[in-house]
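Below is one structure, written out as structure tokens; comments come after it.
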Amino acid sequence: RIMNYTSDLRRAEVDRAFKKAFKVWSDVTPLNFTRIRSGIADIMISFGTKEHGDFYPFDGPSGLLAHAFPPGPDYGGDAHFDDDEAWSDDSRGYNLFLVAAHEFGHSLGLEHSRDPGALMFPIYTYTGKSGFVLPDDDVQGIQELYGAGDKDPNPKHPKTPEKCDAELSLDAITELRGEMLVFKDRFFWRLHPQMVEAELVLLKSFWPELPNKIDAAYENPIKDLVFMFKGKKVWALNGYDIVEGFPKKIYEMGFPKEMKRIDAAVHITDTGKTLFFTGNKYWSYDEEAEVMEADYPRLIEEDFTGIGDKVDAVYQRNGYLYFFNGPLQFEYSIWSKRIVRVLHTSSIFWC
């Protein structure tokens, strides 16, 4: 039962957000949710501010967004939303559907998850407009309590990547002000020289305007910019901020118009050139003159013999290039132009 409404959204939008949030859980369990207009429901939903009648006051804008009580008598199952927040049905303020889906997880008995990809992870991240699919960790949790339903419309639930997976492959890799960022699906790992453990975070938690998944990335340390590529677009980032005028089309850098994507990119500090890999070819870009070099593209196999005919991700360190191709990485000496070692992709995390 919905007791009252926020003034941030039209009533129909609030109803739609809550209905969609319940459907997230009913899709993967035998549970059915029915709205009632009067009387006492198992889940009473309300908006309130500060002290709102349950001894757990809200704290004004940001901070605590909402809370819900696990199944039980009295308040059990109820969900309360802080009306001092700016609620929305998109990326502005806080997305009511996403917060409600999380809170209804609590109403049904789930606790917070330690999986950064889970809906039940305690930190809010806007995950984008495209259709939301409940992550695997949440599906496992709710089905442990209620069992599986027989009508799941999305049997493929996104799993969170495991850094020590022997079959691990990567999407992209770059440095950012001394830190290494390793991209996989909608996540990246942060590898800091001072940190032993790699930290896994959602891409959208750092750059909400970026797509959920990227193809390639590299840092130009002289300009203090990181460039990220997805499909035919490129974004320039200064720390957390997207540089004005971006995203741009990759053909503006001199790539052929019919080129659909870039697989990997790496900036070679000593030469001031950036290498771009796509399919079985690669290009060289002069960062200072901002032009593609003549005589490119060339075949990867001819100039980097032994690394295979595609590159998933690449970075450079101390005169070596590290090429990633599926579950393997190749340590390649720039000076002797040969492969020095072949390693597992996961060895970047000391697995």
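Note: Cβ is positioned from N, Cα and C throughout, glycine not excepted.
The Ca(2+) 1 binding site feature in TrEMBL is assigned to D8, D83, E85. Long-range C-beta contacts of D83 (Ca(2+) 1 binding site), restricted to its own chain and to partners at least six residues apart, with a cutoff below 8 Å, comprise T6, S7, F47, G48, T49. The DSSP secondary structure for D83 (Ca(2+) 1 binding site) is coil.
According to TrEMBL, the Ca(2+) 2 binding site annotation covers D42, G76, D78. All chains included, 14 other C-beta atoms sit within 10 angstroms of the C-beta of D42 (Ca(2+) 2 binding site).
In sequence order, P61, S62, L65, G93, Y94 constitute the residues six or more apart from E85 (Ca(2+) 1 binding site) in its chain with CB-CB distances below 8 Å. For D59, G60, S62, L64, D82, E85, the entry in TrEMBL reads Ca(2+) 3 binding site.
Within the same chain, residues at least 6 positions away in sequence whose Cβ sits under 8 Å from that of H102 (Zn(2+) 2 binding site) are A66, L119, M120, Y124. What TrEMBL records for H102, H106, H112, M120 is Zn(2+) 2 binding site.
Summarising the annotation, TrEMBL assigns Ca(2+) 4 binding site to D171, D215, D312. Mapped onto three states, the DSSP output places D312 (Ca(2+) 4 binding site) in coil.
The Ca(2+) 5 binding site feature in TrEMBL is assigned to I173, A217, A265, V314. All chains included, 29 other C-beta atoms sit within 10 angstroms of the C-beta of V314 (Ca(2+) 5 binding site).
Marked as disulfide bond by TrEMBL: C164-C351. Remark: C164 (disulfide bond) has S346, F349, C351 as non-local neighbours, by Cβ distance under 8 Å and separation of at least 6 in sequence.
The domain 'Peptidase metallopeptidase' annotation in TrEMBL covers 1-148.
Put simply, D171 is the one of the binding-site residues D8, G76, D78, H112, D171 whose Cα lies nearest to the Cα of A265 (Ca(2+) 5 binding site). Annotation note: A217 (Ca(2+) 5 binding site) sits in a strand segment as assigned by DSSP.
Same-chain neighbours of the Ca(2+) 1 site beyond D8, D83, E85, judged by a C-beta within 8 angstroms of the site's C-beta center, are, in sequence order, T6, S7, F47, F81, D82, D84, A86, W87, G93, Y94.
On the 0 to 100 pLDDT scale, the model's mean across the domain 'Peptidase metallopeptidase' (1-148) is 94. Counting only the Cα atoms, the space from D171 (Ca(2+) 4 binding site) to H112 (Zn(2+) 2 binding site) is about 28 angstrom.
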